[in-house]
Amino acid sequence: MISTLYSLTMVVFMLSTTAPDYTFMHEATKAPKISFYDYIVVGGGAAGIPLATTLSENYSVLLLERGGSPYGNPDISKVENFGNYFFDPSPDSPSELFMSEDGVGNARPRVLGGGSSINAGFYTRDDTNFLKEARLLDENLVNSSYEFVEKVMVFEPVVKEWQSAWKGAFTEAGVTPYNGFTYDYVNGTKVGGTTFDQNGQRHTAADLLQYANPLRLSVYLHATVGKILFKTKGRTRPMAYAVVFEDASGNRHRAYLKGDQNDEIILSAGPLGSPQLLMLSGIGPKDQLDAQQIKLVLNQPSVGQGMKDNPLNAIFIPSPIPVEQSVVQVIGSLAGSQIEQVSGINFVLGSPSDYQGFSYELQSRNPTDIPSVEFNYYKDPRDLKQCVDGINTILTAIGSSAFSKFKYPNMTVQDILDLTVKLPTYLPIHANTSLSMEQFCKDTVRTIWHFHGGCQIGKVVDDDYKVIGVDTLRVIDGSTLLSAPANLLMLGRYMGHTILAQRLATEKYESGSFQGYDVD
């Protein structure tokens with residue numbers, strides 16, 4: 001069993017074992033060499049899928065995903081196989097492993113559905129501070145966007161004995177109030193949503209494609225976008241007009257915008273992919289682009305900067321009695337931190353030899369290479385204090401009467417800490433945890449896979465997620481976030497409706513028939 005602590009909230013989603021009959025989804029090897037669309041969306045993840053689905057209501061849309069389909073893969077679809085892909089360093093794995101400059105193993109999704117196809121399935125709505133930060137100010141649209149997602153892929157979990165014990169354990173430890181089951185972001189203890197259904201089947205963002213217009217949407221898998229093309233001659237600002245992508249056989253394809261002034265290319269490739277693609281296309285820090293001999297389109301020093309991650313610290317708790325297998329269901333939210341737990345699942349995620357090493361900054365012009373990133377875990381003393389407070393809360397909860405049957409009565413706090421640091425998750429092994437709780441946090445830091453930033457709102461994109469200084473190009477994904485985690489599913493749906501409304505208003509104005517509009 002494991003109880004984990006990380007800073008802030010969490011977001012998730014899922015999928016079924018039977019592949020739906022998506023007539024618009026194909027391998028990129030079947031894509032035409034040249035094609036034309038109203039919108040091109042790069043990245044079929046948690047934000048990109050609801051975004052493309054929504055835009056296809058009225059316009060032709062191309063969705064390009066570098067990974068494969070989540071359907072038919074039992075490691076993705078079955079809750080009992082959760083996490084197997086974190087041991088798989090193969091190029092076909094839905095989870096691409098890498099090592100940050102901090103020496104902490106990490107992973108990013110490489111599959112349709114993005115993080116929703118490989119995460120722990122916990123689902124929550126966002127807090128009001130995030131909505132303001134992300135410029136999502138239409139409350140009705142926010143709520144309808146949540147509901148669009150929740151009716152397809154979110155469920156109330158079946159909370160069994162071990163997870164249920166944490167309700168009382170958290171409240172005894174002062175994580176109050178107890179809020180029961182809710183999707184809402186609340187402080188205290190709650191049972192959240194899950195994207196695993198009652199049969200233990202995962203539902204992912206890919207399930208939202210059932211709402212797409214099959215006549216207007218084209219989805220290509222194993223399509224790696226290497227470059228955005230810009231028109232610059234005779235223009236005061238660069239204008240994006242096409243993308244170049246490769247299929248699994250290495251053949252190149254070009255997809256162009258049709259040419260209407262409202263057509264757009266939208267990057268939803270994630271906190272690593274979107275900044276990388278901007279740089280490979282000539283938008284980024286001039287010194288890095290010069291080093292790779294990439295022609296400068298726009299000197300934008302903020303691209304790739306402001307990257308953050310939510311650190312995770314885990315406590316391993318051996319139980320004297322059998323426990324059910326479970327993913328995250330009951331959580332305890334503290335100021336700036338969240339405590340989660342899973343049981344009956346191997347969470348000792350490989351060794352550093354499984355992860356790809358790399359050096360700092362953009363290192364190549366190859367879009368399949370992982371760009372380097374450094375998160376500076378616990379360099380800020382405020383972060384370190386949050387970890388210490390959270391670990392102490394976990395240890396108090398473990399010692400509660402509500403949790404007593406799941407803990408060996410003679411096992412001390414020091415025994416639990418010593419056991420945790422001796423597990424092969426943490427290399428090198430630290431045999432002595434008596435120095436300080438601060439040192440324990442530093443020695444056992446891992447990731448909860450909530451890295452974000454790199455195309456931050458207000459620096460790289462404006463309040464409408466348009467790339468500053470460039471025409472017909474937006475970024476809508478976790479790279480724009482100032483804090484995380486966040487409900488990217490809702491963000492994709494929200495911005496899809498926003499773009500449709502903006503385009504409708506523009507077209508009505510141009511035709512002289514503008515009388516206002518409503519967004520359902």
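Residue numbers in this text run from 1 along the chain shown.
Any Cβ shown, glycine's included, is placed from N, Cα and C.
Looking at C441, C455, the record from TrEMBL puts C387 in a disulfide bond with C441. Of all the recorded positions listed here (V111, V225, C387, C441), it is C441 whose C-beta has the fewest other C-beta atoms within 10 angstroms.
Those residues noted as binding FAD (V111, V225, W449, H450, G478) have their most widely separated CA atoms at a distance of 23 Å.
For G478 (FAD binding site), other Cβ atoms within 10 Å of its Cβ number 30. Per-class residue totals from DSSP over the domain 'Glucose-methanol-choline oxidoreductase N-terminal' (270-284), listed helix then strand then coil: 11 helix, 2 strand, 2 coil.
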